[in-house]
Each structure stands twice: as C-alpha cells, then as structure tokens.
Amino acid sequence: MSETSTKAAPVLQARGLVKRYGQVTAIDGADFDLLPGEVLAVIGDNGAGKTSLIKALTGALVPDRGEIRLNGEPVRFSGPQSARQYGIETVYQDLAVAPSMDIASNMFLGRELRRPGPLGSVLRLLDKKRMREQAAAHMADLGIGLRSLTQAVETLSGGQRQAVAVARSVAWARSVIVMDEPTAALGVKESGQVLDLIRRVRDKGLPVVLISHNMPHVFEIADRIHVHRLGRRAALIRPQDHSMAEVVAIMTGALSVSEGGGTVVADTEAAKAAGVTAD
Amino acid sequence: MTATTPAYAHLKDPTTVRRLLTAPTLGPLVALILACVFFSLSSEQFLSGGNFSLIVQQVMVVGTLAIGQTLIILTAGIDLSCGAVMAFGSIVMAKLAAEGSVPPLLAITLGLLVCAGFGLLNGLLVKGVPLPPFIVTLGMLNVAFALTHIYSEEQTISRLPSELTVLGDTFPLGNTDITYGSLVTIALFLLFAYALGATGWGRHVYALGNSPESARLNGIGTTRLTIGVYALAGLVYGIAALLLISRTGVGDPQAGQTDNLDSITAVVLGGTSLFGGRGTVLGTLLGVLIVGVFRNGLQLMGVASVYQTLITGILVILAVTVDQMSRRKVR
C-alpha cells in the first residue's frame, strides 16, 4: 500500500508502534494514518489489537517502540490527560458520563470554569452561568436538541447521552476525536442520529477515528477503513472499492491487499468459505 | 455570546420556584416543618428560642460528624469509625491538656491531627489497597475504640483548661442563649454546602460518587481526591471532638459509641443516597434537625427515650422508601 497516494499531510500518524506484555505482543509494528476532515473507521477481529492501538493513540498506553506524529510533529503521550492537552479527545464506549449530574456539569467535568477575579481564584467559585451558556452553544452547534441543560444525564435516552458525550469531546477537541463503538448500545433510530452527529463533526473539519464492529455503519459513514489484524495494519482501503464480504475477509486473513490496492487471496480455503475471490 | 437571538434560546434555566420544587431537600424540609408544627401544637414549651437553642446543642456533635459522613457517602463510601475516632480525638485533647504537659491549644491541634490521621489512614486503605470502605472503617472503629480505652485507662478526664470548653459557653441573642459551638457547626455546614455546591472540587466529589472510572477518564485525580475526602472528614471529626468536650466539660472514653449510626441516619434522612453521587450537606443538616426535633418534641410530650429511638428507626425506613419511589418516577 502506498503512503504517497494522498495529498494532504496526516493529522495523526503512527509508524512501527510496538507494545509487548511479557510474551504477548499487543501491537506488532502498527502504522496509522488519519487525514484531515475524514472519518476513518478502525475495524478488526476481537483480539486483533485495535483497542491497544487506540489506547496508544489516546495516551492510555505508552508504546515500547515506534513514533506518533501529530500534525507532523513527533509527540509522546504520558497519559490520557497528556493526549487531551494535544487536542485529542476520546468518546468512550461506556460513555464516561456522571448520571446524576446535569448536562452542563458533565460537559465541563474536570475542566470547570471559575468566576473571574478573586471570586474564582480565592473562593474557587464556579461560573455556572458561563458553563451553561457555552454548553448550550456547543449543543446547538451540533444540532442536538434538548429541553434543558439542567436535566440530569440519567433522565436522557441512550442516544441523547451519547450525543452529550460526543458534544463534550467536540467542545474540547482541537485535533482529533476518537469514538469507541459509539453505536454499540443503541437502537436503530438512535444509531442513525449518532451517525448523523459524526457527519456533522466531520463537516466542522474535525477528523474522526471510529472504532466499530458494525460493518453497515462503517460502510455508511467511513471515508476510509483501517483494517487491523494480528497487531498491525493489514489494509487501508476505501469502502467504495470493496464489498463488505471482502473487508471481512481481509479482517480474518482470507484476503490481503496488494500494493496496487487490489485484493490477493491469502488463504484459499478461507476465501472460498467466505465466498470472496481476488480481483 | 452574540447579540442575535441564539439558537439555544429555548434552553431556559429553570425558574427559582421550579428549582425549589424539584430540589431533593424538599422532602426533608417538609418533614421538618410538619414535625415542628405537630410538636408546637402538642407542647407549649416547644416553640421557644431557648428550646431551639437546646435542640441545636443536642445535635451539634452528631451534626458535625454527619458533615464528614456526607462527604464520604457522596463518594459511595461509608464511615463506621467516625464516632470512635472522635472519642479518641477528644481523649487525646483532654488528656494532654489536663496533664498540663502541653499548652491547651497545642493539645487541641494534636487531637485534630490525630483525627485527620485516622481519616487519612482510612482513605489510604480504601484507595491504596484497595479495600471496601465498610471493612476498613469497621476495623478502624475497633482500633480507635480500643486506643481510646487504653490511652484513657478507662478514666473520665475532668478539670480541663477553659480553652477546651470555650465552645460550650453561650452568648445572648435576644433573650435566648446560644453556644459558640452551635455557631461552629452551622458555619461548617455552610462552608461545606459552598464547597460541594459551588466549587470544582465539589463537582469532582459528586463525579467520583457517580462513577470513579468516568471521573478518572475525565482527568480527575481520583486517588488523591478519595484520600483527601477521608482525611478531610477526619479533620471534621476532630472538630466534633472539641465540640463534644465543650458540651460535656470532660473527656469521656465512653462517648460517641452510637454516633456512627446516628450520623448515617442523619445523612439518609437528608436525602443523600448511600450509593454515592447524590445528596447535599444542607439535606444532612435537615436530617440532623429532624432527629433532634423528634427527640426533643417527644421528650417534651413525656415519651420514653426508647420510643424516640423506635420512631427514629421508622423515620429512616420511611425516608428511604419515599426517596426510592420518587426516584423511580423520574426514570
């Protein structure tokens, strides 16, 4: 696969990432490229190491070897907080919201705004009004309709909660948003709303890394697909060039992708079983 | 934001009236008012400044403990050791000051530090090992209880310097005498209501009680926060120890033995959830006052104290039932 086929410089890039836990190799020389303004889906079988890759890119794990570049500059993340300071925000699968707290409090959790002057610096008084206004502006910006920002998050539906989590990340992300299975726990209609939301985020110019198991969702929304297999990138493809069956076959190792972008049968038996052939 | 009508103009802040009507402290407040109305109708002595001052004095020690207990319960913990820690703190203060080996103010400071140290140790065990708060504080209850009896040699310590009992002194307000200790307790309630309700630290305590993992993912240092909350609660128990001495005038190794459960009762009556993340310290103040008003009112009516305990027990179960049912309705 060629790296020069793309004109724009990657926003987030990784080369040769390695992470070992004793005998287990979680990341085995993985590469990663995220272009500006794209939705990049990261897919892979269970145990393929996509979670470890994502953790390395969001600071939750420090790789043993390899390089991560953000906007061309080499970066090292010492923890999630450090990646966040670089403008990389993550929407976690289990939502990471505080259910009894209201929407505005959740959006500013860990980053509360204080009143200006001694009220804030000495008395540590929160600026609730400013936080509510900014939260409202962010929600409106993404077209998320909610009755009130002082509602506790636990009174919202699953889709609305996910919207709050996404809006929070969008509000703080300057470079990249990473979403871990954002539709996994949602119904059909709510999934559709979250996919719409992801499109709006991309249209605002923020690139999105989408980890998903849901192949139809991936094909619906992704601009490119990063297929992870055995701890490294097996392929980087465009959804319009391949069928879902082919992508699944790449994921399981039945097919592999050649330099020119065509598919090659790697495992004849498996490919036959999956009902796919090479170009 | 901008001068044009923003797209989110429909997102109105709720009005003050609406906020009051939906506040979780509304239930306890109504219960307190009803109790006051009932007792003022059944006893002529109830509705007087002197009697209210007495109620506050009767509840100030448990009330102060309940502040620390609220902090810990908000983080989804529980503290069974608070009464025993307070008793040990009061013995440390009393014994050091009575023997005259250290100046009274230093004795008070050392007592406060001992209590804060117990809190710190609780926090370290809860977060560092980690162990369930119930187990840690159950163990610490016994440790502090035993240390109290060993150090005091089972003796009540009297003839204390005036510095240790000054909070029991009164000043006149109108024709009612108020103790300085009551003011300390009320000031502590207001201080923690502010800290929990209006600062980032307070938000983080609630977030921690909601979900430690979500708090951590949002960049909140949950280890430091948890240990800090336990240590701070310990310091508050130290203040309760000083209030205890000022109220009785002696260092009593038998004191505070049921105060752990009494403080939990007050917290629960005040609408705070034992699962953490929900509740207010002002609710706890209402809970403390409800217990105090019931005990005082029943006493004035000539009801034996064992019935007061009976009614307190029924109240707790009733309060939690109402709380659970109202919460189910929201969902």
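Cβ atoms are placed via backbone N, Cα and C, with glycine included.
Feature annotations, reproduced from TrEMBL:
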TRANSMEM  B:20-41  transmembrane segment
TRANSMEM  B:61-93  transmembrane segment
TRANSMEM  B:105-125  transmembrane segment
TRANSMEM  B:131-151  transmembrane segment
TRANSMEM  B:180-202  transmembrane segment
TRANSMEM  B:222-245  transmembrane segment
TRANSMEM  B:266-294  transmembrane segment
TRANSMEM  B:300-322  transmembrane segment
**Message:** Should anything in the same chain at least six residues away from the transmembrane segment (B:20-41) have a Cβ under 8 Å from its Cβ atoms, list it; otherwise answer none.
**Reply:** 14, 47, 269-271, 278-280, 282-283, 286-287, 289-290, 293-294, 296-297, 300-301, 319, 322-323, 326
**Request:** With the transmembrane segment (B:180-202) as the reference, find which of B:105-125, B:131-151, B:222-245, B:266-294 contributes the most Cβ pairs under 8 Å.
**Result:** B:266-294
**Complete:** Near the transmembrane segment (B:266-294) in space but 6 or more residues beyond its ends, with Cβ under 8 Å, are 24-25, 27-29, 31-32, 35-36, 39, 55-56, 58-59, 62-63, 66-67, 69-71, 73-78, 189, 192-193, 196-197, 206-211, 308, 311-312, 315-316, 319-320, 323
**Request:** Give residue numbers and ranges for long-range contacts of the transmembrane segment (B:131-151): same chain, 6 or more residues beyond its ends, CB-CB under 8 A.
**Result:** 72, 77-85, 87-88, 91-92, 95, 118, 121-122, 125, 253, 257, 260
